[in-house]
Amino acid sequence: MIPPPIRHGMTVLNRELFRREISVIGVRIPTSLTAKFLKVLNKELLNQPKLRNVVNDPESNLSRIILMNLNVQSLDLANLSSEAKDFINKEGLGVVKHSIELKYDYWGVDDIIKAILPEGSESPSSFTQVGHIAHVNLRDEFLPWKYMIGQVILDKIPNILTVVNKTDVIDSTYRFFKMEVLAGENNMIAEVKESNCRFRFDFSQVYWNSRLHTEHDRLVKMFKKGDYICDVFAGVGPFAIPTAKKGCIVYANDLNPMSYKYLLENISLNKVNNKIHPYNLDGRDFIKKAVKDLGKNLNALDQTKMTKPMDTVTNTLAEFRTFNHFIMNLPATAIEFLDAFKGLYKDKESLIKNSRVDLPMIHCYCFTKSETPDTEMIERINSIITYSMQVDEYKIHFVRKVAPNKDMFCVSFRLSKEVAFLTTGRYVT
C-alpha cells in the first residue's frame, strides 16, 4: 500500500495533514476494449488497495483510462514489458498522466499510527472488541500518544463508539480492570453475542474477555443435557448461560456484586431462568452451599413428584447425586480454592450405592509465569493436584498466551474419593 505522509511528533490528530497526491501513468483506451486491456495487462496494472485500475476519461465518454503500476513513471512506458508496449501502441489511444489524491480515510489504523509515532516504533493498534467498545492495553512508552491512538481506532473501525485503555492490573477481588476513555462516548454498557447467547454488562465493572470464546465453547461441548454444573466464578455468565441453553442445570456464582447483577440480567435476557441458580458468595462458601442446595432442591423435586428420581443406570431409586462438573475460571487464584473440596461429601460415601455414579470433574484454570512455563506448570500441578488432591490422572489444556512469559491453562481432573470423603490423612493445602 502507498504509505501516508510521515507526521512524527504530531501531538494533536490533524486529519488534513494526511493528504497525498500521487502521479501515475495511464493509457487511454476505447471503452469497448476495457475487458481486453484488463486481461492482457493484468500484471501491469496499478493494483493498489482501495484504488480502481480503470477511471473515467475527463475528455471523452467514449474512452477510459487504465492505470499502470507505480514502477511506470514516464510517458514512454519504461519498465513495461515489450509485449505490453506493443499491445498498447496497437490498441490504445495514447498515454497520459493521471493524478490521484489520497486522504486520511484511505489509510488503515496501523498506517496512520506508524506515521505519527517515532520512527521505528511498533504500532500498538491491536485491541479487543467488546460490543461497541475497543479495549487497548497500551505500554507506558505509547501513553503520550494515547488519545490520538484512540481517535484513530474510533475513526477507522466500524461499529466502535468508545475506545478505552486499561490503566491498572486486574482487581484481585472483583476481577475488573480500571479504564480510561481515550476516544468516543463514555458508555461502558456493552452488549455482546457469543455462543448463540446475548450478554449485557458494564465493561468497567466486570470481567469479560472476548478472546476466551473458543474456550467457553470447548468446555460447554463436554457437558450433556441434564448434567448438573457448578460454575464457581461465573462472571456475567459466559459459561453458565450457554450451558443452561444446552439443557443443563447450572449453579452459578460470582463474588462481584456487579457481575451478579448482570448475571441475573443475562439469565432473563436468554430466558434460562428455570435452568440457573444464581449466587453472590465467596467461592469457597459457594462450593459448599451449592452441594447442600443441590440435595435440598432434588428432595423438593422428589416431594413434588411424590416419588424419588429413578437412576437410569440401575433402574433403582437414586438417593444421592453429585454435580457432574465444577468450573473454576479464576486463573490467578483458582488453585487456592481447591481446599474447599476437602471433605465436601464427607459422611455421604455410603449414599452412593451405584459404583458407576462418579464424583464431579473439576476444571481449574491457572496461569504460568516463567521462561519455562511447561516445567513450572508440571511441578505446580503435580504438587497441588497429585499430592494434595490425591489425583492420579489429569489433563492439561493450553488455553491462550496472555503475555510473553505468561500462559493460561485448564487442568481437568475428577475429584478423588480420598479428598471428597476424607478417607486418608492427607489434606488439601
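Going from the start of the chain as shown, residues are counted 1 onward.
Just so it is clear, glycine is given a Cβ too, placed from its N, Cα and C backbone atoms.
Here is what TrEMBL says about this protein:
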type	residues	note
DOMAIN	127-417	domain 'SAM-dependent methyltransferase TRM5/TYW2-type'
BINDING	HIS216, ASP254, LEU255, ASP282, GLY283, ASN329	S-adenosyl-L-methionine binding site
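As a whole number, the greatest separation of Cα atoms within the S-adenosyl-L-methionine-binding residue list HIS216, ASP254, LEU255, ASP282, GLY283, ASN329 is 22 Å.
Long-range Cβ proximity for ASN329 (S-adenosyl-L-methionine binding site), meaning a same-chain Cβ under 8 A and a gap of 6 or more residues, is found for ASP231, VAL232, PHE233, GLY235, PHE239, HIS363, TYR365. Over the domain 'SAM-dependent methyltransferase TRM5/TYW2-type' (127-417), the average per-residue pLDDT in this prediction is 87. Ranking the binding-site residues HIS216, ASP254, LEU255 by how many Cβ atoms sit within 10 Å of each one's Cβ puts ASP254 at the top. Counting only same-chain residues at least 6 apart in sequence, those with a Cβ under 8 Å from the Cβ of ASP282 (S-adenosyl-L-methionine binding site) are LEU255. In sequence order, VAL232, PHE233, ASN253, LEU255, MET328, LEU330, PHE337, ALA340 constitute the residues six or more apart from GLY283 (S-adenosyl-L-methionine binding site) in its chain with CB-CB distances below 8 Å.
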